[in-house]
Amino acid sequence: MGDAPSPEEKLHLITRNLQEVLGEEKLKEILKERELKIYWGTATTGKPHVAYFVPMSKIADFLKAGCEVTILFADLHAYLDNMKAPWELLELRVSYYENVIKAMLESIGVPLEKLKFIKGTDYQLSKEYTLDVYRLSSVVTQHDSKKAGAEVVKQVEHPLLSGLLYPGLQALDEEYLKVDAQFGGIDQRKIFTFAEKYLPALGYSKRVHLMNPMVPGLTGSKMSSSEEESKIDLLDRKEDVKKKLKKAFCEPGNVENNGVLSFIKHVLFPLKSEFVILRDEKWGGNKTYTAYVDLEKDFAAEVVHPGDLKNSVEVALNKLLDPIREKFNTPALKKLASAAYPDPSKQKPMAKGPAKNSEPEEVIPSRLDIRVGKIITVEKHPDADSLYVEKIDVGEAEPRTVVSGLVQFVPKEELQDRLVVVLCNLKPQKMRGVESQGMLLCASIEGINRQVEPLDPPAGSAPGEHVFVKGYEKGQPDEELKPKKKVFEKLQADFKISEECIAQWKQTNFMTKLGSISCKSLKGGNIS
């Protein structure tokens, strides 16, 4: 057996890959004297998803550093947070969480015997704890409590009192679990600073707080247990993983708001220390990255294509999920999963009258606001060699700013004054500091010698003319496509260039009133 790690080595293990540490000097002092006592809590709400591998990998680090680690299944918190977990399902949810999190830890080689597991209601309903809740409520302002839970507790128009209690209970957990530190996501920061402010008011000591970064969901927003579209469930089938990754936002050259790339950075690299891009030999073969920054650089330069990135993530992710799927492929755990998360369609309605908005939204091409545009100016992005910044006339009072990754594929002079096809109702987002107000649609052939061509409107088209799929010309486009609903991504999965170089959705042509949308030469290509 090797020598025990030094205090400095323990500090490195405890803090690596974290986004922020509050109380680092106190942490150093504790490590000089004894082992650190730390807890990680999770509210037992929606099904845990693949981003939970981020805290799992840190728990592995804590154990390597000799820490005494407690995992709290915060069932009472799950109920207090706008009843994300109904009272009658709390026990079942705790059991589900315990089984799935233990399976995750085993999947990455963490020894369970070194961990302590505890349920919130095992001590949060005691006389002493309840009295401290009242004591805390006598010194905490409504403003501070609401502010503390703003990024964690579900925000609604008429918030319940229970949501205001949530941060105080999480603060008290630090005292009642007798720990030196609490570990959580950066979204917990306001609760952590709340605890640092108010625990001393009750005569309790201020704890150390360790925060990991949040992994963006597949839509680019925070990955959430309670939002199905944003995440991959730990028990998703392989075909579901493929489907969700295929629809994930992963624009060529765009490293911002890229859920797929962020998952590699925050989950796969910390667990495996390397990542392999899987490619056919004719496209250059496999390439192994041992540093995330190198992968990000190649993706930004469009050396790595989104299709190869997604396929490689799919393979790596399924290797992590296979042991978890196998564990849950038993009658007892299948029954537990069904009982803890009953099918909503089989539940009795809670209120009289028909449910509003019960019909699923149609995902049809008419929801896209696609227009003919004319490029007025085109310049290199000041901070990204692979990006252009274009001013495009789309028939509005002022031209729109659009950022596109075409530098390596289309000379600047070919874009100047060119008629193009622009998706106009995406949510604006910053790309390397410049806000893009649309997407210039292009055909592409993937591979090591990737080819890209902007789509061409029919000759004689004018800026602002409506582009539609034949048969869907009458519909009203969404004012703004909501990223969480992934309308564009779902439709894009069926975009294709025909053998006649016509842009199509499900083999039906994209058109204007003057004819079909086309590209110059990329038969059988994709559209993005």
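A Cβ is built for glycine as well, from the same backbone N, Cα and C atoms used for every other residue.
The feature N-acetylmethionine is assigned by Swiss-Prot to Met1.
According to Swiss-Prot, the N-acetylglycine annotation covers Gly2, on the basis of experimental evidence.
The annotation trans-resveratrol binding site is assigned in Swiss-Prot to Tyr39, Gln170, Asp173. DSSP assigns Asp173 (trans-resveratrol binding site) to a helix.
DSSP assigns Gln188 (L-tyrosine binding site) to a helical segment in the three-state reduction. Counting only same-chain residues six or more apart in sequence, the Cβ atoms lying under 8 angstroms from the Cβ of Gln188 (L-tyrosine binding site) belong to Glu151, Val152, His209, Met211. Feature annotation from Swiss-Prot assigns L-tyrosine binding site to Tyr39, Tyr166, Gln170, Asp173, Gln188.
Within the chain, the motif ''HIGH' region' (44-52) has long-range Cβ neighbours (under 8 A, six or more residues past its boundaries) at 73-75, 78, 81, 84-85, 90, 93-94, 96-97, 100-101, 104, 214-215, 217, 223-227, 231-235, 263, 266-267, 317, 320-321, 341. Summarising the annotation, Swiss-Prot assigns motif ''HIGH' region' to 44-52.
Under the heading N6-acetyllysine, Swiss-Prot lists Lys197 (among others). Cβ neighbour count for Lys197 (N6-acetyllysine): 15 (other Cβ atoms within 10 Å of its Cβ, all protein chains included).
Under the heading phosphoserine, Swiss-Prot lists Ser205 (among others), citing a large-scale study or a structure entry as support. The local packing around Ser205 (phosphoserine), expressed as other Cβ atoms within 10 Å of its Cβ over all shown chains, amounts to 11. In the three-state DSSP assignment, the secondary structure recorded for Ser205 (phosphoserine) is coil.
A 10 Å cutoff on Cβ-Cβ distances gives Lys206 (N6-acetyllysine) a total of 15 other Cβ atoms nearby, all chains included. According to Swiss-Prot, the N6-acetyllysine annotation covers Lys206 (among others), on the basis of a large-scale study or a structure entry.
Marked as motif ''KMSKS' region' by Swiss-Prot on the basis of experimental evidence: 222-226.
According to Swiss-Prot, the motif 'Nuclear localization signal' annotation covers 242-247. Beyond its flanks by at least six residues, the motif 'Nuclear localization signal' (242-247) meets 218, 232, 236, 260, 310, 313-314, 486, 489-490, 492-493 of its own chain at Cβ-Cβ distances under 8 Å.
Feature annotation from Swiss-Prot assigns region 'Disordered' to 339-363.
The domain 'tRNA-binding' annotation in Swiss-Prot covers 364-468 and is backed by sequence analysis.
Ser386 (phosphoserine) falls within neither a helix nor a strand when secondary structure is assigned with DSSP, and so counts as coil. Counted within 10 Å of its Cβ, the other Cβ atoms near Ser386 (phosphoserine) come to 21, all protein chains included. Per Swiss-Prot, phosphoserine is recorded for Ser386 (among others), and the stated evidence type is a large-scale study or a structure entry.
In the three-state DSSP scheme, Lys474 (N6-acetyllysine) is classed as coil. Taking the Cβ of Lys474 (N6-acetyllysine) as reference, residues of its chain lying under 8 Å away and at least six apart in sequence are, in sequence order, Ser366. Here Swiss-Prot flags Lys474 (among others) as N6-acetyllysine.
Listed in sequence order, Lys427 are the same-chain residues at least 6 apart in sequence whose CB falls under 8 Å from the CB of Lys482 (N6-acetyllysine). In the three-state DSSP assignment, the secondary structure recorded for Lys482 (N6-acetyllysine) is coil. Annotation comment: Swiss-Prot describes Lys482 (among others) as N6-acetyllysine.
The N6-acetyllysine annotation in Swiss-Prot covers Lys490 (among others), and the record cites a large-scale study or a structure entry as its basis. Annotation for Lys490 (N6-acetyllysine): same-chain Cβ neighbours under 8 Å, separated by at least 6 residues, are Lys247, Val363.
Taking the Cα atom of each, Lys197 (N6-acetyllysine) and Gln170 (trans-resveratrol binding site) are about 13 angstrom apart.
With respect to their backbone Cα atoms, Lys206 (N6-acetyllysine) and Asp173 (trans-resveratrol binding site) stand 12 Å from each other. Cα distances from Ser205 (phosphoserine) to the recorded positions Tyr39, Tyr166, Ser386 are smallest for Tyr39.
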